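Visitor: One structure, as structure tokens, below. Some questions next.
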Amino acid sequence: MNRDTRLYLAWLVALAATLGSLYFSEIRHFNPCPLCWAQRIFMYPLAVILGIAAFVGDHGVRRYVLPLAALGLGFAIFQNLETWGFVQSIKACTVNAAAACNTPWPVWGTSQDTLNRALTIPVLSMIAFALILALLSWPRQRVTVPESAAVQG
């Protein structure tokens, strides 16, 4: 997979995550919690920045988007650990019960469906940030030219 393809894929992941986030809050009327807002702060610019970089072929954009994706992943991991009961809820997450950070928001159906207990919105966010990091951190493959071809050319 070449760098252009990885850049486009990272943009598509960020775009899907942004549109999905807007769908859940604006169409399904889920109230974003403080940790969700933090993840939005890091994901939404990625959709714009990666889109522009993909269309103009700017591979130097990695130095700007990798820190955003890493910070977003940190918030997503923390929220998942909180939802799974591994860490205690932070004070900002307990103020508004309508937007509690440890609420397992269902992706489809109800929160009682088996898949929805595992595949929640915070899990999707964590996957999206991890995919963006993986796609943009993939080492560049160097093309080596054999000496015999270099001498003839």
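Glycine is treated like the rest: Cβ placed from N, Cα and C.
As listed in Swiss-Prot for this protein:
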type	residues	note
TRANSMEM	4-23	transmembrane segment
DISULFID	Cys33-Cys36	disulfide bond
TRANSMEM	38-57	transmembrane segment
TRANSMEM	64-81	transmembrane segment
DISULFID	Cys93-Cys101	disulfide bond
TRANSMEM	117-139	transmembrane segment
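I would like each feature placed in context: is it buried or exposed, what are its neighbours, and how far apart are things?
Guide: The 10 Å shell around the Cβ of Cys33 (disulfide bond) contains 26 further Cβ atoms across the protein chains shown.
Long-range contacts of the transmembrane segment (38-57) within the same chain, counting only residues at least 6 positions beyond its ends with a Cβ under 8 Å from a Cβ of the stretch, are 4, 7-8, 10-11, 14-15, 17-18, 21, 32, 64-65, 68-69, 71-72, 75-76, 79, 122, 125, 128-129, 132.
Within its own chain, the transmembrane segment (64-81) is flanked in space by residues 10, 33, 35-36, 38-39, 41-43, 45-46, 49-50, 53, 87, 101, 122-123, 125-126, 129-130, 132-133, 136-137, which lie at least six positions past its ends and keep a Cβ under 8 Å from the stretch.
Under DSSP, Cys101 (disulfide bond) is assigned to coil, being neither helix nor strand in the three-state scheme.
Within the chain, the transmembrane segment (117-139) has long-range Cβ neighbours (under 8 A, six or more residues past its boundaries) at 1, 6-7, 9-10, 13-14, 16-17, 20-21, 24, 30, 35-36, 39, 42-43, 46, 50, 62, 65-66, 69-70, 72-73, 76-77, 79-80, 83, 104-107, 111.
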Visitor: Could you tell me which of these disulfide-bonded residues, Cys36, Cys101, has the greatest number of Cβ atoms within 10 Å of its own Cβ?
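Guide: It comes out as Cys36.
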Visitor: For Cys33 (disulfide bond), just give me the three-state DSSP call.
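Guide: SS state of Cys33 (disulfide bond) = coil.
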Visitor: What whole-number Å value do you get for the CA-CA distance of Cys33 (disulfide bond) and Cys101 (disulfide bond)?
Guide: 5
Visitor: In whole Å, how far is Cys36 (disulfide bond) from Cys101 (disulfide bond) when you measure between their Cα atoms?
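Guide: For Cys101 (disulfide bond) versus Cys36 (disulfide bond), the Cα atoms are 8 Å apart.
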